[in-house]
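Novice: I have a structure here, written as structure tokens, and I will follow up with some questions on it.
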Amino acid sequence: MELKNHKKIIILGSGPAGYTAAIYSSRANLNPLLITGINKGGQLMNTNEIENWPGDFKKITGPELMNRMHEHSLKFKTEIVYDNIISVEFKKKPFFLLGEYNKYTCDAVIIATGANPRYLGLSSENKFKGKGISTCAVCDGFFYKNKEIAVVGGGNTAIEETLYLSNFVKKIYLIHRRNNFKAEKILIDRLLKIVKTKKVILHLNSTIEDILGNNKGVTHLLIKNKNLKEKKKLKIAVSGLFVAIGYIPNTDIFTDQLKMKDGYIKIKKGTHGNYTQTNIPGVFAAGDVIDHVYRQAITSSASGCMAALDSERYLNSLS
Ligand SMILES: Cc1cc2nc3c(=O)[nH]c(=O)nc-3n(C[C@H](O)[C@H](O)[C@H](O)COP(=O)(O)OP(=O)(O)OC[C@H]3O[C@@H](n4cnc5c(N)ncnc54)[C@H](O)[C@@H]3O)c2cc1C
């Protein structure tokens, strides 16, 4: 293995948070190295339609947007390498990162390794990803105006997504495998109010057995109620399914190094709000890897910018 040059700053991840951090760090003359990870471009590579990136009101695909971020980072001379980090040592200085192809050392690091939505695991789910299957109501809900859709899940996210979607879709079938919701009471109360209006139909103790459709996208779901003895499955007509069963932050390699909460990297609170600094000075984190609430391209980019500025201040303090 060739030992790469020591860097002032290394950015892990090539999603909106990583590229934004790279653009800011390069323009601050920090000569950052950005390591893309296996999924170059991040989560947005899986979407064909983005309508909420400010300034891009004409249809733009995820790969187009991420390619532009890549070009933008290169324009300011960010060094970009394709590698996947498999272990890190943050308890000693300089920080050490072991990739599949190379070893790296640096004075500061920005972790922007993102998160991945959890899916149900049905083979039909893969077939309809981006064609009726979504994991983000704020991103895709608008495409289902006045349509009948389903949401699956029983935690805060599922209920929040249902409440959000109920503002513009015609009807929502909320499918949950248990009898009770694992969400905050205030959310459940709001949900039950809408259930009374029949805009939301609950299918509790129920699982999705299959997703049916045609070449245009999802048309029906097959649902099984676990309490009913008969094997008959219910077929409901929907044009979209929002899978809201959680996210898995990409933080396995940091578990014995950094403080975490529910798998997300914990950042310090400061006098002016949240910093992007972790419990280890010099290690910063940005984007979906620290955020289980907003999970948007723009919020990830914004925290990538904050991490770049925070790390610049940190590096200045060393000299
Ligand atoms: C299908 C879909 C559609 C979406 N549509 C929209 C939309 O329309 N609008 C919107 O605002 N948001 C949308 N989102 C949400 C948005 O994509 C995310 O909020 C955003 O991508 C998060 O950016 P990020 O940079 O934090 O992480 P990610 O985009 O998750 O990128 C993480 C990066 O880290 C890298 N990485 C991971 N592990 C390692 C490692 N060990 N070593 C090195 N690198 C690593 C990965 O390769 C990847 O490049 C959508 C999400 C999905 C899944």
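Residue positions begin at 1 at the first shown residue.
Including glycine, each Cβ sits where the backbone N, Cα and C put it.
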Novice: Choosing among Cys106, Cys136, which residue does Swiss-Prot name as bonded to Cys139 by a disulfide?
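Specialist: Swiss-Prot says the disulfide from Cys139 goes to Cys136.
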Novice: What are the non-local neighbours of His292 (FAD binding site), defined as same-chain residues 6+ apart in sequence with CB under 8 A from its CB?
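Specialist: Listed in sequence order: Ala115, Tyr247, Pro249, Asp262, Tyr264.
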Novice: Of the binding-site residues Thr36, Asn39, Gly42, Val289, Arg295, which sits closest to Cys136 (disulfide bond) by Cα distance?
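Specialist: Its closest listed neighbour, by Cα, is Arg295.
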